Amino acid sequence: MPPEDVDTPLSDPGPGPATGPVVPPTTEPVPDPSPVVAGHAATAGSAPALSVRGLWRRFGQKVAVAGIDLDVPAGSFYGLVGPNGAGKTTTLSMSTGLLQPDAGTVHVHGQDLWASPLQVKAMLGVLPDGVKLFDRLTGEQLITYAGLLHGLDRDTTAERTRDLLTAMDLTADKGTLVVDYSAGMTKKVALACALVHVPRLLVLDEPFEAVDPVSAANIRDILASYVRSGGTVIVSSHVMDLVQRMCDHVAIIAGGHVLAAGTVDEVRGDASLEDRFVDLVGGRVSGEGLAWLRTSSD
Amino acid sequence: MVAHLVRLKLTLLRNGLKRSVWQVVGLVIGLLYGLFVAVLAVAGVVTLSVARPDLLPTVVVLAGSVVMLGWWVVPLLAFGVDSTVDPGRFTTFPIPRRQLVVGLAVGGLVGIPGVMTSLVSLGTVAAWWRDPAALVAAIPAAVLFLLTAVVGSRATTTLVAPLVARRRVRELLAILALVPIFLIGPILSSLEGAFEGARFDGLVAALAWSPLGATWGVPVAVADGEWLVALGRLAVAALTLLVLAVVWDRSLAHSLVNPIQERAGGTGRDLGWFGRLPATPLGAVTARCLTYWVRDPRYAASLVFLPVVPIFLWFVSPGGDLLLVLGPVAAYFMGWGISADVAYDGSSFWTHVAAPLRGSVDRLGRVLSAALLGVPVVLACAVVPALALGRPQDVPALVGVSFGVLLTSWGASSIASALVVYPVQKAGENPFQTKSNGGTTAVVSQLGGSLVVAVACLPEAVLAFVAVRQGIAWLGVLTLVVGLVLGAVALVVGVRVGGRVLERRQTELLRQLVSFA
């Protein structure tokens, strides 16, 4: 969630642009993503699943998100990548009604999120990162709770809860309190909660963190079939390879700005997504340091 | 190494203070309070040594034993209170265990309880100003006392930690621990009378030879000129310290390589309340809160007052007439008990923010879940004392004022918990442990809320008072009507306004809750 996301660069002197307002040390000026995205909007022919304009958010002295424009075409599998503290979590929080933007608008399928939050939230499925769940409930109760909060009736909730538990391979643990789940199981049950009301737009912040490879593959299948059936998915991730394989669109965010956005092929060009990302974001240090870090045989 | 660990502790403290002004305020208030109590205690002991030197041994040995017991037992119940310098964090560093043990012991004195105890025990030395030999003997006794207290607390926590890590055990312990806290006042006041007599002599003599009181038994014996006794008690005290140090050392060695794993808690076979209540958002919120009332010890802790308040009231007025206020008092506790509900949710509150949930539904669900328990409890607290005291004519008035207070408190809570959140203990943490950094917001919200409730309940309170005092039956019925009507109005207003406030403020509340985590 925002504060952590914002704090990270302060404590982590690793690669990537330092703090918010500082323009990232890219080799080229910050590109305006709108021309690229506009092309997609035109081909899609309908209102984008998510349309963000001029989104700003400041925490105290620090600008976490500095005027982000983003269009996520309906039916796309959209990856949001960026270094730690880039503003991914803050952007996603503001796009899902969890955090009030200082400025800017968010439209989901043409409806203004902050003008009519209840209608828009009904279309959204959210998996935030770095927050807890109501973990004194059992897995089954938690998914049921999410379904009922979205106004599903009892039979629908029960049926979908059963199916989701099976799909997430949690049936054996449905009676265990979520507080006793492993990190991966917790992610899976949270994802199930985000899916239970069949949202039109699914926003997942770091959905694969701590999830084992088998579960991750299952989740990818679920998400892919969800997209095939017309849903839209936004995932944020650090793992470029995963995004490149899974997503059809991608936006690279750093220092609270969008550096590049479009289809994966457009953004990466001839290079791999990872190379393109490092190229845009910068911050690689040469491997010559730490000369003393050699274990000798004696 | 010792210096490093103490410096580490101070650095952690300083960095914690840098994070927020309120932490500084909290620490300063805590320090001032501690200092106040310490000065009071030292002044008390010194005054005693002037005015009633005959009572000095009794008081010093008794108080010393109680404080020692506190050091050994309280951290068990408040486990995790001082995990800033958790030995487990040093597992990966090549530090000799003996140095770690000494460093942690000295580091344990850094903090309000440590500083307070140091001041008081060193100050107590001055109480033997009459007798130079006892004065000299009191200095090592004080040091020994401090060391035994700190090492003892470490020994018990490290030894019992694997057991305490089981959630059920810790939850139970934590709730049990709260009960005697409430009873401290009555116990002290009943002891007061006993103090003059010689009733404590046997107890004190036993304590002075026991591991708890042996350190302070030394100067007492020296003052009496019984050198052999003093030597014997010194041996007991030194042996205690040695045994505790060894126990601590051994269990630390064990726990460093066998880290505690929190054991799985209970499992739910079916949907529980979710299957029984209507399948609507309101039913879901209610079911969730009810489940938490059962599974989350923080909610259960608010019920501890139930058996305690009547005993307290009985102690205060032996005739028992004061028991008649049990109804309104219980109503206030139960009603205001949900005023920190959103803070208790912590960052999991996002589930409500992300869902298309009306604020008033959130508010009402929380009240309904509290009502399932609150209504019968308050009804019993209003009716039973009146019947037990043979005053059935007071029942309508008492029920009226009690439910007036209950409904009004729920209304006020509904608004308060939508307005402010403050750091509270998290679901897994010990309810015994309070967060100092939320202090001011919490205090302002509690005081403000209580004031609002008190003013809003004034009509039925006055009516009830007159009705019970004068024994006017029709006034009692009027109180019942006024209490129920005014309370219902307050509840409706509270849920409506609270719902609107929540919809406006929920993202800000969530942002704060996440930053507390």
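Going from the start of the chain as shown, residues are counted 1 onward.
Quick reminder: no glycine exception, Cβ is built from N, Cα and C everywhere.
Here is what TrEMBL says about this protein:
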| type | residues | note |
| --- | --- | --- |
| TRANSMEM | B:21-43 | transmembrane segment |
| TRANSMEM | B:55-79 | transmembrane segment |
| TRANSMEM | B:100-127 | transmembrane segment |
| TRANSMEM | B:133-151 | transmembrane segment |
| TRANSMEM | B:172-191 | transmembrane segment |
| TRANSMEM | B:227-248 | transmembrane segment |
| TRANSMEM | B:299-316 | transmembrane segment |
| TRANSMEM | B:322-344 | transmembrane segment |
| TRANSMEM | B:364-389 | transmembrane segment |
| TRANSMEM | B:395-422 | transmembrane segment |
| TRANSMEM | B:443-466 | transmembrane segment |
| TRANSMEM | B:472-495 | transmembrane segment |
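Here the transmembrane segment (B:322-344) does not touch the transmembrane segment (B:55-79). Their Cβ atoms form fewer than 3 pairs under 8 Å, with each pair 6 or more residues apart. Contact between the transmembrane segment (B:472-495) and the transmembrane segment (B:55-79) is absent: fewer than three CB pairs lie under 8 Å, with pairs separated by 6 or more positions in sequence. When each of B:133-151, B:395-422, B:443-466 is checked for Cβ pairs under 8 Å to the transmembrane segment (B:55-79), B:133-151 comes out on top. Sequence-remote contacts of a segment are chain residues at least 6 beyond its ends whose Cβ falls under 8 Å from one of its Cβ atoms, and for the transmembrane segment (B:443-466) they are 328, 332, 335-336, 339, 397-398, 400-401, 404-405, 408-409, 411-413, 416, 419-420, 422, 472, 475-476, 478-479, 482-483, 486-487, 490. Sequence-distant contacts of the transmembrane segment (B:133-151), counting only residues of its own chain at least 6 positions beyond either end whose CB sits under 8 Å from a CB of the stretch, comprise 64, 67-68, 71-72, 105-106, 108-109, 114, 117-118, 121-122, 124-127, 211, 215-216, 218-220, 222-223, 230, 237-238, 240-241, 244-245, 248.
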